[in-house]
Amino acid sequence: MATPVLDKVEAEAAASDHLITVTFRIRRFNPEVSADAVWEDFQLEIDPKERVLDGLHKIKWDIDGTLTFRRSCAHGICGSDAMRINGKNRLACKTLIKDINPAKPITVEPIKGLTVLKDLVVDMDPFFQAYRDVMPFLITKDTNEPTRERLQSAEDRERFDDTTKCILCAACTSSCPVFWNDGQYFGPAAIVNAHRFIFDSRDEAGEQRLEILNDRDGVWRCRTTFNCTDACPRGIEVTKAIQEVKRALITRRF
Amino acid sequence: MKIHKYDTVIVGAGGAGMRAAIESTKRSRTAVLTKLYPTRSHTGAAQGGMAAALANVEEDNWEWHTFDTVKGGDYLVDQDAAEILAKEAIDAVLDLEKMGLPFNRTPNGTIDQRRFGGHSRNHGEAPVRRSCYAADRTGHMILQTLYQNCVKEGVEFFNEFYVLDQLITEVDGVSKSSGVVAYELATGEIHIFQAKAVIYASGGTGKFFKVTSNAHTLTGDGQAAVYRRGLPLEDMEFFQFHPTGIWRMGILLTEGARGEGGILRNKDGERFMEKYAPVMKDLASRDVVSRSIYTEIREGRGCGPEGDHVYLDLTHLPPEQLDAKLPDITEFARTYLGIEPYTDPIPIQPTAHYAMGGIPTNVEGEVLSDNTTVVPGLYAAGEVACVSVHGANRLGTNSLLDINVFGRRAGIAAAEYAHTVDYVELPENPAEFVVSQIEQLRTSTGNERVATLRKELQETMDANVMVFRTEQTIKTAVEKIAELRERYKNVSIQDKGRRFNTDLLEAIELGNLLDLAEVMAVSALARKESRGGHYREDYPNRDDVNFMRHTMAYREVGDDGTESIRLDYKPVVQTRYQPMERKY
């Protein structure tokens, strides 16, 4: 067990209960108060190893209780707190202050392409509707359900592993320029979730899903800008998954 | 105010709520009310697996699983319920697979299984591979699969609807559930849901601790709603502290890490669990491991400059194994600690994780108003409930199992009940309590802040009613909670608006946490023994003569309006296993 490195980490941790001063520059919007969105600056003392979410909490809890955002698990699993931080889509709970240059103001805005309801809260319904439209559930044509589990080889299981990681946070979809310009596009997250079933050896509705994505608002709208792949907090190769769906549409093999 | 009518209303859209919804939607007109979008629930944070004696990789059977569950719960488990849990586990896993859950697979294509704490072959001989898993994101996969199947079944969700009150109507001397009152976060509007059957599946209450694996939103809303209406809470003193939370942050690192061969070490590099649990070692039950860690820390063998944690060592495991089996938790270590688990051990400490206690139910999920009487039309399942399958300490992988087995049972029972009855009339002025609660908070000019009181509550809970407790520490907590409850009356909020008022929401959640913290501390004070997750240094032994019984806590309001807690007790159901000394 290699303790020396760790002792260093811990010594740093203990010594660096040092706080730094950072500015959060937050896009505020509350239609109960004003029809216009404005930027508002907050200065706070924070440990650079803390999360952006911790900073938002400090503001809400100690400075301004009206600041509104969604969050729950605080460690990148529930998908509640996708937002634009310094111009990039990230989860506030997975972004540490020290990793985003705290010397300059940290800008925080709602994700783009979805209607802003208040501060950092957007209307997620269109996002979930696109998800529902791709039939995101296993479809089989078995007349007799097996009594035990269906068999699936480890290789077949691995084939769609990457796209099972999706937490529906919308970081990918709301980073996509095509989605910004045209809310009709299904968006990367819906395609990722279609991919998860199209490439599952147990599923028998791949053709149906491909036809849905063959629609004029489907996969062909993708311009492979890779914003989605960069934005995904789960490290899913989103653009690759979309390309695999496109290829399956051409070859009808999956 | 809007009034809705549904056969069945489900409160909460985590694993238990959605499993119930899949059943009840097929059988009755169902609404699911959830304060978060369904896929945001904390079921998604569960990592290691779901126990079932499939015997896919080695000999196993449900009777061994039943025994392990009873022993793991330090014999406070109701054994009839544990038997149902273990028997129905097999179909529960197979049902999920048929719904599409992508379990990891064995070389011959069946569901793979791995070791987990407290699960053993033949009544404690050696660890057994019983946990069915999908890498270290089994809860995520269960949550996604259940949501996918809710979409398939057309389950009707009311997202970001926060249930604030349980409605009870007395009919011919019998108190029946008549519905719930909910607050719509987007608009601030109040909604009455009249329902023939209500199922609570609103999860745990871990946020009254500071170092916890629980989400910010786990504030015991369901428990508090029914408790305020005079219904009891069972075994609230039993809370699980998971051994391996990330140091200071509390983020969960799955027991599956030890199931895969991970080892706990103190500052001398010693594998200390060998001293405390010679057979199961690092895979002893969670209460045992958490106490062992704190014993090491207290005796000066903790790590770091302050000696306040120990290490979870995965460095001897091949990187390929970590990547394949534990990708998420190794990433947590990298993201939050800047540590590479291939080469460096991970600093950990026990983290408040799971409420064994909750709303008492029978095995059909029906809520009890005393030791035996069912409240017609009221159901509960999952962490909010106490069946009791977990007794004094839950085994790892039994909670993902619990939500599936008892979520399904409650969904079926509630929907079938709804078919046999008419709507119960709503009480007069059903929204009265909620309207006054909200108006009071919105208009209060008091000088207390929610965040301050919550922080003080969390600090006193961590200091006084965590892994080790004494009469003195618990009394300190009881007094502090009483002070905080008094100060809570002067809480004011800054956001006075109606739209997405999360400031208001947090104030209400704090009220729930304070109520439940008091129940926990008072129940713990009265239990003068050590059992499972409840360890009293002043009473270090289990006392089956006086305390082989469930605690039932009731809220009582005197004629002058003063509130108090009355404790009563309920016998434990014992069938095949006699209590024995618990060794791992």
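Glycine too: its Cβ is placed from the backbone N, Cα and C atoms.
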**Complete:** Which range is coiled coil per TrEMBL? Of B:47-74, B:327-354, B:467-494, it is B:467-494
**Message:** According to TrEMBL, B:Thr254, B:His353, B:Arg394 bind substrate; which one of B:His242, B:His419 is annotated to that same site?
**Reply:** B:His242
**Request:** Filter the recorded positions B:Gly12, B:Leu36, B:Arg40, B:His42, B:Gly44, B:His242 down to the ones with a Cβ under 8 Å from chain A's Cβ atoms, keeping sequence order.
**Result:** B:Leu36, B:Arg40, B:His42, B:Gly44
**Prompt:** Taking all residues of the coiled coil (B:467-494) together, what is their mean pLDDT?
**Reply:** 98
**Fill in**
Those same-chain residues, other than B:His242, B:Thr254, B:His353, B:Arg394, found with Cβ within 8 Å of the centroid of the substrate-site Cβ atoms are B:Ser213, B:Gln240, B:Pro243, B:Leu252, B:Glu255, B:Arg286, B:Tyr354, B:Gly396, B:Ser399
**Request:** Sorry to bug you, but what's the C-alpha spacing from B:Thr254 (substrate binding site) to B:Arg40 (FAD binding site), rounded to the closest Å?
**Result:** 19
**Prompt:** Restricting to the same chain and to residues at least six past its boundaries, which positions have a Cβ under 8 Å from a Cβ of the coiled coil (B:467-494)?
**Reply:** 241, 290-291, 294, 350, 441-442, 444-450, 453, 456-457, 460-461, 501, 503-504, 507, 510-511, 514-515, 517-518, 521-522, 524-525, 528, 534-538
**Fill in**
Other C-beta atoms within 10 angstroms of the C-beta of B:Leu36 (FAD binding site) total 24
**Prompt:** Listed substrate-binding residues B:His242, B:Thr254, B:His353, B:Arg394 - what's their greatest C-alpha to C-alpha distance in Å?
**Reply:** 14
**Message:** Within 10 Å of B:His242 (substrate binding site) (Cα to Cα), which of the recorded positions B:Gly12, B:Ala16, B:His42, B:Gly44, B:Gly48, B:Arg286 do you find?
**Reply:** B:Arg286
